[in-house]
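Participant: Here it is, the structure, as structure tokens.
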There are 4 protein chains.
Amino acid sequence: MTGNASFFTQAEPIRYEGRDSRNPLAFRWYDKNRVVLGKTMEEQLRFAIAYWHSLAWPGGDPFGGETFQRPWMHGSDDMALARHKAEVGFDLFRLLDVPFFCFHDRDVAPEGATLAESNRNLDVIADIFAEKMATDKVKVLWGTANLFSNRRFMAGAATNPDPDVFIYAAGQVKHAMDVTKRLDGANYVLWGGREGYETLLNTDLRQETEQLGRFVSMVVDYKHKIGFKGAILVEPKPQEPTKHQYDYDVATVYGFLKRFGLEKEVQVNIEDNHATLAGHTYEHEIATAVALGIMGSLDVNRGDRQSGWDTDQFPNEPTGMALGFYHLLKGGGFKTGGCNFDAKIRRQSLEADDLLIGHVGGMDVCARALLMAAEMIEDGVLPQFVADRYSGWQTPDNQAILKGERSLEDLAKVVDQKGINPMPRSGRQEYLENLVNRYL
Amino acid sequence: MTGNASFFTQAEPIRYEGRDSRNPLAFRWYDKNRVVLGKTMEEQLRFAIAYWHSLAWPGGDPFGGETFQRPWMHGSDDMALARHKAEVGFDLFRLLDVPFFCFHDRDVAPEGATLAESNRNLDVIADIFAEKMATDKVKVLWGTANLFSNRRFMAGAATNPDPDVFIYAAGQVKHAMDVTKRLDGANYVLWGGREGYETLLNTDLRQETEQLGRFVSMVVDYKHKIGFKGAILVEPKPQEPTKHQYDYDVATVYGFLKRFGLEKEVQVNIEDNHATLAGHTYEHEIATAVALGIMGSLDVNRGDRQSGWDTDQFPNEPTGMALGFYHLLKGGGFKTGGCNFDAKIRRQSLEADDLLIGHVGGMDVCARALLMAAEMIEDGVLPQFVADRYSGWQTPDNQAILKGERSLEDLAKVVDQKGINPMPRSGRQEYLENLVNRYL
Amino acid sequence: MTGNASFFTQAEPIRYEGRDSRNPLAFRWYDKNRVVLGKTMEEQLRFAIAYWHSLAWPGGDPFGGETFQRPWMHGSDDMALARHKAEVGFDLFRLLDVPFFCFHDRDVAPEGATLAESNRNLDVIADIFAEKMATDKVKVLWGTANLFSNRRFMAGAATNPDPDVFIYAAGQVKHAMDVTKRLDGANYVLWGGREGYETLLNTDLRQETEQLGRFVSMVVDYKHKIGFKGAILVEPKPQEPTKHQYDYDVATVYGFLKRFGLEKEVQVNIEDNHATLAGHTYEHEIATAVALGIMGSLDVNRGDRQSGWDTDQFPNEPTGMALGFYHLLKGGGFKTGGCNFDAKIRRQSLEADDLLIGHVGGMDVCARALLMAAEMIEDGVLPQFVADRYSGWQTPDNQAILKGERSLEDLAKVVDQKGINPMPRSGRQEYLENLVNRYL
Amino acid sequence: MTGNASFFTQAEPIRYEGRDSRNPLAFRWYDKNRVVLGKTMEEQLRFAIAYWHSLAWPGGDPFGGETFQRPWMHGSDDMALARHKAEVGFDLFRLLDVPFFCFHDRDVAPEGATLAESNRNLDVIADIFAEKMATDKVKVLWGTANLFSNRRFMAGAATNPDPDVFIYAAGQVKHAMDVTKRLDGANYVLWGGREGYETLLNTDLRQETEQLGRFVSMVVDYKHKIGFKGAILVEPKPQEPTKHQYDYDVATVYGFLKRFGLEKEVQVNIEDNHATLAGHTYEHEIATAVALGIMGSLDVNRGDRQSGWDTDQFPNEPTGMALGFYHLLKGGGFKTGGCNFDAKIRRQSLEADDLLIGHVGGMDVCARALLMAAEMIEDGVLPQFVADRYSGWQTPDNQAILKGERSLEDLAKVVDQKGINPMPRSGRQEYLENLVNRYL
Ligand SMILES: [Co+2]
Ligand SMILES: [Co+2]
Ligand SMILES: [Co+2]
Ligand SMILES: [Co+2]
Ligand SMILES: [Co+2]
Ligand SMILES: [Co+2]
Ligand SMILES: [Co+2]
Ligand SMILES: [Co+2]
């Protein structure tokens, strides 16, 4: 621990104190060693801290500048600041007692005059990370490359009309993958920040999506080449920063993967706020990914339902999270994925403790949601209700339909012969909604 | 013409009178014989009237009942009313001088006590249609089955938990396809009215989408079996009547088709209002369908941008339509598809003339949009701008990337060796937007 | 109890069984005699059943007809059906053990050929209500007139371009107020169903809002004339059925009341779903009404956050409700108002029990929210935090500013003289959000 | 002209070349001397350039930094850069040949260490402005103070919990008003950037709105004190940067002004994009302001209808603008107000010409819209239709209702006595929509 780490007033890792604790710097629900559905909470939830929001964001918004004035953001020696940031970061990971963190290449080290120099800067900080990770328990949930902040990417990275930008992005991603592998990252993420369009008037939609298909294919090839064992994840988002992103939502990404034959190789990293912005719920996006076999990892956060931009707030509502976790757990839970806090404290939350408190609240909400989801499964009423509702499909005749052994004509005859006249049955929605509230 | 047809005060078909006409019952832009991009306007636009909105809707909404009080909606003999409706319908088609109409089975003939009886009712009206079509020029753009109004479908048709509903729907669709073929329909449409969910709590997402895949596959098989030459079309919609429909938008439907190997067999029928509700533009949905090779037909209408439900108003804004048509025409224009007015006059539009006027306005907007789109193409500035913007991809080295002949490592080396440092170029969005306004 | 009442399988009123009950027809949170903040839960919440949704709605939506097939909706004698409906209604009130119900004139009795006949029909059923209320404990929370379903109101009631509609509506409201007074209703509500516009093209905004101001003024005058002791309430809603309603939200209604000098005479009936549709939260609307001194009553329900129409679902999320109740209670709680379930079970919820279960869930959510809100107040941390945050305004100098004793120039001098350079303080949003979750 | 002004390749003011011009740097519709409804286009439209977007914004967004790299944004001498910016600004005003510009205090001069120093910086640039304005024809449409960018305002200016921030803001506004008066500004604007809340949990809604009422009252008093002849304008916006702004929309601002007795003293500055974000149309907001007597000035721009944030794009759709102008002109047109381009070119629009082209397109759209609106008025069909629709209210009996001379009872008797049974009349919406398209 260096002097820098004195950023936090808290010295000891935050602990579970139980539901009745009134300590804002204690967990009320997240008891990392508590066993839920056969694993500890820590193993089920696999929390990660996001370097960008918690360490690299100064508190600005489109109508105002920096509010936080972090000490590691002001100075003339970029690399010294990056080292300072890493110190504070690992202190944050330690205080929150999380097993993982996530980063973009440009979060952790400054951009150089050339890609080669940027890569060297990144390597220097990666050395520091590796050193710290040798003693601390924290690991990398995923790494990624920032292909959206620099003005060279303003019209896209892989989907840029200029092939040089594609090439540059390829070089940058290669290095970010190398670093992620070296740090034993559990996954590598592609979030298509500028992979979309501002106006179709200057856009060749087919060309751009072909470019994107090629790019992701190259990433998958390179993963195998270097023996990276983690998953490749694409993060859907409907819009922002672009007017329209190509990775709009889970269903769109699935179609994209199928188009390029990548659906066995790539999974999704689903963010709550992006689900909302796309007109879905988190529950829907997770259930869809599970149903399609591409569930990977989660960005846990929330948006503001009244505003149409990506507010990336800490989650604070357990039931919606529990419904998502229910589908995740029914699909087997996380394999390489985890719960990454792609969430930032509000720009008015100036105190160092606010950064801890935001995470504590989010972790507790996820823990409570995990307990709810586990109870839904263990109690069995909900899954049994659904199974019963579809049980008519289990007969041999009806299975034959699903197997493709019946034609429209066959079935038209059945209607006549059996005088089929289906009587609707109650969907019991209010009963089921009340049931869910029983677990809260 | 029977006495019934006196519903309209207008006796003669509406004519083109040119831009300066002040006659509300004349076309100012739609000049059906005018040649645009090598075809007449009538051939390019292929207008169709929707039986449901124009003939079968009484003017109700969730807060109030019938306002129109059409004579063919009040009486004790359902089949007589259906015949009366057909009379008025063909008079409407004649007055608007359109080449096509579209219908659901239940729009044209009343539901019977059994499917067999419903089918017989439909056949009786189909006979009348066939007779009228032998003399009138109007044809069927598409037929479809109403699988959403009857309470048996309240939890879905193909995606119902009850296999009997699936079977019943299969029987109903078979007959609707038979009738559509008999009437020489140019297409057959599947709109998944209740194919979605109200709550995931009672829903097995994977099971339901498997059922839907099977159903569409059976439809495709039956099409081939009976030698129906038209296209099978799926109409995307994000929600309403369900909370969440499976055919959310074009990209989602594409993924669905790929999942079940149907992407060569099925195309999309894109509705403007549904594009809006899904968070897209019409232009986006059409461009996406063209890029993915599944562009089929259009439902031309508009929603109200302030409200979140499907208002199905007549289109009244030519530029947005022109941007959609631009992509359609660049993709080769309609093959079997056309412009169906899935649009209804407002429930306060009580006069018979209002029904004509709504269509006249919509047809003029489409005609004006066609002229704009044609000018964009013929003028060539816009397509050339886009081609130039991507021209860097035409070099052999860059083509090699797209062909899959380069790896991430190859490109990373190129960055270093060539010192690639891409300079952004202006996207020229305002220039292009002003350019588009030049065509208005 | 008549044979009709056997609609429900449940015979005895639903009882509180405590949090661990697994009985779907028992309360887990609503313990009517439990004292919270000095009153019983029953007195604090003042629950009411809405006649329209629970008894008069057949289960239709814009894409499909009736699903419920209630026995009191099918028959040739309208008045007999209305009596049957009243039987079932009072049985419902008894089973749910609620202190209130609410009704529109047309919910309870059929429309006649003339207003006089409609009034007579209403009086007949009002007699039945009065008789039942003499023995049952249930009372009227509010009555209202349906000025939106009949086609005569399609272009508005008070705001209709046709003064005869205004006059007709005045006659109808007079009678509905008479009936409400006779039944000792606690309030009378005006919901402006069609008081808005479909298009500004045919609308004189100033004229229509002047008409509305006049109408509400007449209602207030008549209230005083007849000595009705209840409150007059306006229910804000942004849109639906119209494109744009005049009573958009609480702030808009406040401006309207101020314009016509009615802000001391009229209060608001705030609906959760309408708050959502207007881009606000329930909490915001309630806090605004309290701040402006026009808080009246609540319609408790919820919308679907993904859809833009008025789904009127039963509430199922306690925290949002608790935040609203917190402001309500800080403002003194209900005076004449209460919690009206302007909520309907889903159209697939066919069973009689579904109707009970929907209400049980909603009542429990409200009860749980009441306990949360009470704890927020009694615990005191939240209100004290807010008081502290503004405490700087308590100094004499700063009070002088608020009293209007300082000018811009005065304050400009203070900046210079005192060298004022304000340092921002943390807003502590995450801390407060976590605090709220502690009460859940 | 200094060397700095060589930023633009264009040397001569942009000219009107008529509809068929293909010169992107010429007006096709804006012919400043053309007389429309009795005034020149220049006098009717009163265009203004916004200093902030066109001169002070570097092209950043929440996901990426500067793209424009303007020469006046990079250097060590802030005041020299401000002078350079002013040179370019006045060159821009000259090239676009606009009569007005608008500015925030902090757009034009850098913030100093104290308010006094900031004021001095502003005075230095104001001297330069005054000097240039003595020779150039450009004037100030409005000035305003930036009370949202500096971190001291993160929790509001007038509505800050800390009274020192209120005092500081008062001092800042006083100076901005002094400068605006000195430059003979036609108006002074208050846009409540941070006057709203992020969370109600830390907010006293009544206290904050009382503070705001006091602040605006002080501004009005100071206006009279110094003899400023311009109007005081409040700009409504529903949200962004805050979660919820107090000046939500026109109706909300009206209620606020009534609450504090300011409705005769303050008018609104209505922005198209803010209307959209609040769930309204521009047309609605303008018509509402005219109906309420508080119409002041316009920010002409547009949002992206798919995204929920304030994109501030240049307007490119004439019909919607024309509908707004129609109400404006019927209300007498601008008095002190004008059309301010609160619009920015896209961050990919890197070329100097893009800045001119964005304005040229916007000015042409407004000019075309003005011609449309004038034709609607001169043609007279639309206003006459509306007048006819309400003509029933002109009878003495019906005027007596509006004058308050009739009670509910009186009207109830009229219904009976006259047997009033209103027959609905068609709203003719499609006819009117087609009519509007005739003017396009
Ligand atoms: Co994310
Ligand atoms: Co996000
Ligand atoms: Co459609
Ligand atoms: Co539609
Ligand atoms: Co309500
Ligand atoms: Co409602
Ligand atoms: Co503005
Ligand atoms: Co704006």
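Heads up, the Cβ atoms here are built off N, Cα and C, so glycines get one too.
Where the annotation comes from TrEMBL, it is an automatic prediction and has not been curated.
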Participant: Pick the one from A:Asp204, A:Asp299, A:Asp310, A:Asp364 that TrEMBL also lists for the Mg(2+) 1 site with A:Glu235, A:Glu271, A:Asp342.
Facilitator: A:Asp299
Participant: Among the recorded positions A:His104, A:His274, point out the residue whose Cβ has the most other Cβ atoms within 10 Å, with all shown protein chains included in the count.
Facilitator: A:His274
Participant: Beyond A:Glu235, A:Glu271, A:Asp299, A:Asp342, what residues of that chain have CB atoms within 8 A of the centre of the Mg(2+) 1 site's CB atoms?
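Facilitator: Other same-chain residues near the Mg(2+) 1 site: A:Trp191, A:Lys237, A:Asn269, A:Ile270, A:Asp272, A:Asn273, A:His274, A:Leu298, A:Asn301, A:Asn340.
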Participant: Applying the rule Cβ within 8 Å of the centroid of the Cβ atoms of A:Glu271, A:His274, A:Asp310, A:Asp312, what extra residues of the same chain belong around the Mg(2+) 2 site?
Facilitator: A:Lys237, A:Asp272, A:Asn273, A:Leu277, A:Asp299, A:Asn301, A:Gly303, A:Thr311, A:Asp342
Participant: C-alpha of A:Glu271 (Mg(2+) 1 binding site) to C-alpha of A:Asp312 (Mg(2+) 2 binding site): distance in Å?
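Facilitator: With the alpha carbons as reference points, the distance is 9 Å.
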Participant: Measure from each Cβ of the recorded positions A:His104, A:His274, A:Asp310 to the atoms of ligand 6 and list the residues where some distance is under 6 Å.
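Facilitator: Cβ < 6 Å from ligand 6: none of the recorded positions.
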Participant: Give me the Cα-Cα distance between A:Asp310 (Mg(2+) 2 binding site) and A:His104 (active site), rounded to a whole Å.
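Facilitator: About 18 Å separates the two Cα atoms.
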Participant: At the level of the C-alpha atoms, what whole-angstrom distance separates A:Glu235 (Mg(2+) 1 binding site) and A:Asp312 (Mg(2+) 2 binding site)?
Facilitator: 14
Participant: Expressed to the nearest Å, what is the distance separating A:His274 (Mg(2+) 2 binding site) and A:His104 (active site) at their Cα atoms?
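Facilitator: A Cα-Cα distance of 19 Å.
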Participant: Starting from each candidate's C-beta and looking 10 angstroms out, tell me which of the binding-site residues A:Glu271, A:Asp310, A:Asp312, A:Asp342 has the most other C-beta atoms.
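Facilitator: When each Cβ's neighbours within 10 Å are tallied, A:Glu271 leads.
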Participant: Under 6 Å from ligand 1 by Cβ, which recorded positions from A:His104, A:Asp107, A:Asp310, A:Asp312?
Facilitator: none
Participant: Same-chain residues six or more away whose CB lies under 8 A from the CB of A:Asp107 (active site)?
Facilitator: A:Tyr51, A:Trp52, A:Leu55, A:Ala56, A:Asn146
Participant: Should we count any of the binding-site residues A:Glu235, A:Glu271, A:Asp299 as near ligand 2, judged by a CB under 6 A from one of its atoms, and which?
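Facilitator: Passing the 6 Å Cβ check against ligand 2: A:Glu271.
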Participant: Could you check what DSSP calls A:His274 (Mg(2+) 2 binding site) once collapsed to helix, strand or coil?
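Facilitator: In three-state terms, A:His274 (Mg(2+) 2 binding site) counts as helix.
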Participant: Measure from the Cα of A:His104 (active site) to the Cα of every one of the binding-site residues A:Asp299, A:Asp312, A:Asp342, then give the nearest.
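Facilitator: Smallest Cα separation from A:His104 (active site) among A:Asp299, A:Asp312, A:Asp342: A:Asp342.
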Participant: Around A:Asp299 (Mg(2+) 1 binding site), which residues of its chain at least 6 apart sit with Cβ under 8 Å of its Cβ?
Facilitator: A:Glu235, A:Asn269, A:Ile270, A:Glu271, A:Asp272, A:Asn273, A:His274, A:Asn340, A:Phe341, A:Asp342
Participant: For A:His104 (active site), just give me the three-state DSSP call.
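Facilitator: Its secondary structure by DSSP: strand.
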